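Undergrad: Quick one: the structure is below, and I'll ask about it shortly.
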Amino acid sequence: MLMLCLAWVLGGSRRLPVRAMRLSFVGELGWELHIPRASCVPVYRAVMTAGAKHGLVNAGYRAIDSLSIEKGYRHWHADLRPDDSPLEAGLAFTCKLRSGVPFLGREALEEQRQVGLPRRLVCLTVEEPVDVSALGPGVLAVSNASSRKVPMFGLEAIWRNGQVVGHVRRADFGFAVDKTIAYGYIRDPSGQPVSLDFVKSGDYALERMGVTYTAQVHLKSPFDPDNKRVKGIY
């Protein structure tokens, strides 16, 4: 749900207009403030002053990257590209397929839903090393060190049952779950559609610089999968 309201921020002795949007890209109950350019600095100072007693601090874009991947929010250019479909990306809820509303690409999505998905975006978390002999002889050496915090950035190979089934599109460290998180599209090597059963039934690993790390696949985001925190339910 998107809420808009007009508010006033007290900057010194002046009241400054702000458009507040109930919107979050980090998985928490939050707002975006849209501010006239001339008022940006005084509004920023007023917000930082008011938030100081609550521990408010500045956060950079790498923090947004980490928080968004932890919540499962998609990034354009990484998780989403022009050649990815909403169904493959797990974003069917953004399309009005249950209604009669026409939209560009509807016929293609209906056809894809009918025949099955050739690939599917999945979430993977790097786990502590375990016995991965079930992954098959094709897997390379497995790390014996604590691997949950191994740095990954994208393009790492995704292994399933001893076969490479895709590569990581985006990865970052999730500080709330204390694990490396990766998103990537996987395919069935047999050429069959990628069903949810196919996703759930495999044993996974991620390969980084010739070393594989045991991974757990998730059908929902590992952080707040029931989407409560953005509603203020803690």
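Quick reminder: no glycine exception, Cβ is built from N, Cα and C everywhere.
These numbers come from a predicted model, not from an experiment.
Reproduced below are the annotations present in TrEMBL:
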SIGNAL    1-20  signal peptide
DOMAIN    16-98  domain 'GCVT N-terminal'
DOMAIN    150-223  domain 'Aminomethyltransferase C-terminal'
Undergrad: Could you put numbers on the helix, strand and coil content of the domain 'Aminomethyltransferase C-terminal' (150-223), residue by residue per DSSP?
TA: 6 helix, 37 strand, 31 coil
Undergrad: On average, what pLDDT score does this prediction assign to the domain 'Aminomethyltransferase C-terminal' (150-223)?
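TA: When the pLDDT values over the domain 'Aminomethyltransferase C-terminal' (150-223) are averaged, the result is 95.
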